[in-house]
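Notes to accompany the following structure.
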Amino acid sequence: MRVVVIGAGVIGLSTALCIHERYHSVLQPLDIKVYADRFTPLTTTDVAAGLWQPYLSDPNNPQEADWSQQTFDYLLSHVHSPNAENLGLFLISGYNLFHEAIPDPSWKDTVLGFRKLTPRELDMFPDYGYGWFHTSLILEGKNYLQWLTERLTERGVKFFQRKVESFEEVAREGADVIVNCTGVWAGALQRDPLLQPGRGQIMKVDAPWMKHFILTHDPERGIYNSPYIIPGTQTVTLGGIFQLGNWSELNNIQDHNTIWEGCCRLEPTLKNARIIGERTGFRPVRPQIRLEREQLRTGPSNTEVIHNYGHGGYGLTIHWGCALEAAKLFGRILEEKKLSRMPPSHL
């Protein structure tokens, strides 16, 4: 069985790993290749701060909440493992701030120690009148992609830097199954009017005194368009930019000023922080994640395609649950082709 995964961000690499872990012992040979024109450190995943937090509003598809829950549980089970440092995985506590009271999020029982802020805590944030505190997880994308790459390499998965122009091109080369994890660029392979770029710009600063994440929310501005501060192992990520439909990869001075001024107002000690770097990336925004099978007619036969893209700004938050689901879809293909008996479920 020849499988090609297109895309080398967190969605592509985690999906490749799930498929190989589940089926390599019952399907031999299982030949998996990863094609991408961008690898770490140039992927969208590399730009992300990596804080586990779904959108505040409940998704229309309740399964997305399940996938996020599965991802949190998976990461929490590894947070004290010897590999946690290599994964870029650690626990972190922090604040979500609002101008007025809102309902608790659907994931309040998933994170640890969720509670409302006390009046004394709110005194630290004079621009906000309501908030939450809880402990979550950070999974730093750059570390995690390197770890996934190493695990896949150990398993014999091959990586090729190339720009795929069409599914037909890959099918003609002999792929039995194509896994489409191309993120915001999925529309180049198959038209998808629901998919749009959600441009973000972030700054990395040296501020080792920052120990808690601080996310602010402004309904009038919309998601990701108000300041946020997320500490990592080496640097602190500052952000607050979300521009739907903007394809510019250039760092913008106006956005730079918006981020810097907003975050320094939120946490005045950041005025003393040294700016390390600045990055721009595109969140693959879609009303719902596209995670489904499709049969494409390629010449005399059909080629199976598994689509797994459209994860917006929460790819690291939901990736493992989606990878498990994609692996299940792969298993159904094998069942229909009668190529393998299904292994016992341990996902």
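Using the three backbone atoms N, Cα and C, a Cβ is placed for every residue, glycine included.
According to Swiss-Prot, the feature region 'Required for protein stability' maps to 1-16, an assignment based on experimental evidence. For 8-11, 37-38, 43-45, 49-51, 163-164, Thr182, Arg283, 312-313, 315-317, the entry in Swiss-Prot reads FAD binding site. Marked as D-dopa binding site by Swiss-Prot: Gln53, Arg283, Gly313. Taken from Swiss-Prot, the feature D-serine binding site applies to Tyr224, Tyr228, Arg283, Gly313. Residues or ranges marked as D-proline binding site in Swiss-Prot (evidence: similarity to another entry): Tyr228, Arg283, Gly313.
Shown on the structure are the features that Swiss-Prot records.
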residue: Ala8; record: FAD binding site; CB count, 10 Å: 28
residue: Ile11; record: FAD binding site; CB count, 10 Å: 32
residue: Thr43; record: FAD binding site; CB count, 10 Å: 24
residue: Ala49; record: FAD binding site; CB count, 10 Å: 22
residue: Gln53; record: D-dopa binding site; CB count, 10 Å: 24
residue: Tyr224; record: D-serine binding site; CB count, 10 Å: 20
residue: Tyr228; record: D-serine binding site; CB count, 10 Å: 25
residue: Arg283; record: FAD binding site; CB count, 10 Å: 26
residue: Gly313; record: D-dopa binding site; CB count, 10 Å: 21
residue: Gly315; record: FAD binding site; CB count, 10 Å: 27
For the region 'Required for protein stability' (1-16), distant same-chain residues with Cβ under 8 A (at least six beyond the ends): 27, 29-36, 38-40, 43-45, 141, 144-145, 148-149, 152, 157, 159, 164, 170, 173-183, 189, 306, 308-309, 311, 315-316, 319-320, 322-323, 326-327, 330, 334, 339
Alpha-carbon spacing, Gly315 (FAD binding site) to Tyr224 (D-serine binding site), which is rounded to whole Å: 14
Between Tyr228 (D-serine binding site) and Ile11 (FAD binding site): CA-CA distance (Å): 24
8 Å Cβ shell about Tyr228, Arg283, Gly313 centroid, D-proline site members excluded: Ala48, Gly198, Gly200, Ile223, Tyr224, Gly239, Phe242, Gly312, Tyr314
Arg283 (FAD binding site) - helix vs strand vs coil (DSSP): strand
Extra residues within 8 Å (Cβ to Cβ centroid of Tyr224, Tyr228, Arg283, Gly313), D-serine: Gly198, Gly200, Ile223, Gly239, Phe242, Gly312
Cα-Cα distance linking Gly313 (D-dopa binding site) and Tyr224 (D-serine binding site), given in Å to the nearest integer: 9
CB-centroid shell, 8 A cutoff, D-dopa site Gln53, Arg283, Gly313, site residues removed: Ala48, Tyr55, Ile223, Tyr224, Gly312, Tyr314, Gly315, Thr317
